[in-house]
Ligand SMILES: Nc1nc2c(ncn2[C@@H]2O[C@H](COP(=O)(O)OP(=O)(O)OP(=O)(O)O)[C@@H](O)[C@H]2O)c(=O)[nH]1
Ligand SMILES: [Zn+2]
């Protein structure tokens, strides 16, 4: 089996200097993305954010979700420590893609919650597959993590994939009246940890 090609360059950001790594899966052609700061191969647990792509939140500052502030906060936390990784996982809309996420948003405007909307469209509640992203993390020589998340499924997956999760760090940002139902559904129907879904 052919190995992934991995390229990198430096990426100065508002939060500090990261190294941008991009790998391409030879079978699927999918690109995987990691922003790395500091020495992440020295065996110490690495502060890590496995961030699911959200064009509307990450780029357009949408208040329908909490993704944009979560990404910014995670970059800030990593910059403060001078060490860590953002894995930017390109499975928009919990894996259903942007077009279908917009269909789901439209259904939500007529009363469905995020889970019901996915089901009405014929999708799993959460269609994400983290394997490619986790592979890039392994390729970067990382084995042990302090994971920034409110989602227990990400922890379960990474443990199954062979990582040691030394700690979980909740995120407390991105709350707005526009995403109150979205956060409530994550807590009540998707099992997300409550601590990060409320303001600090
Ligand atoms: N299908 C669908 N996807 C959504 C919706 N709102 C946000 N998303 C996507 O959900 C993903 C983020 O997932 P979340 O459940 O908010 O959070 P998480 O990444 O699982 O957990 P954290 O690590 O705590 O942030 C992004 O890919 C968003 O595009 C929605 O209403 N429907
Ligand atoms: Zn979002």
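Yeah, the Cβs are placed from backbone N, Cα and C, and that goes for glycine too.
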Problem - GTP binding, same site as 49, 50, 51, 52, 53, 92, 93, 94, 114, 149, 154 - TrEMBL member from 70, 80, 175 - result: 70
Practice task
Quick one: which of 9, 54 does TrEMBL put in the Zn(2+) site with 65, 67?
Solution key: 54
Practice task
Work through the binding-site residues one by one (51, 53, 92, 94) and name whichever has its CA nearest to the CA of residue 126 (active site, proton acceptor).
Solution key: 94
Exercise for the section: Across all the protein chains here, work out how many other Cβ atoms are within 10 Å of the Cβ of residue 126 (active site, proton acceptor). Expected result: 17
Practice task
Using all protein chains in view, find how many other C-beta atoms are within 10 Å of the C-beta of residue 149 (GTP binding site).
Solution key: 24
Handout entry: For the recorded positions 49, 51, 94, 128, the one whose C-beta sees the most other C-beta atoms within 10 angstroms
Key = 49
Exercise for the section: Return one of helix, strand or coil for residue 92 (GTP binding site), based on DSSP. Expected result: coil
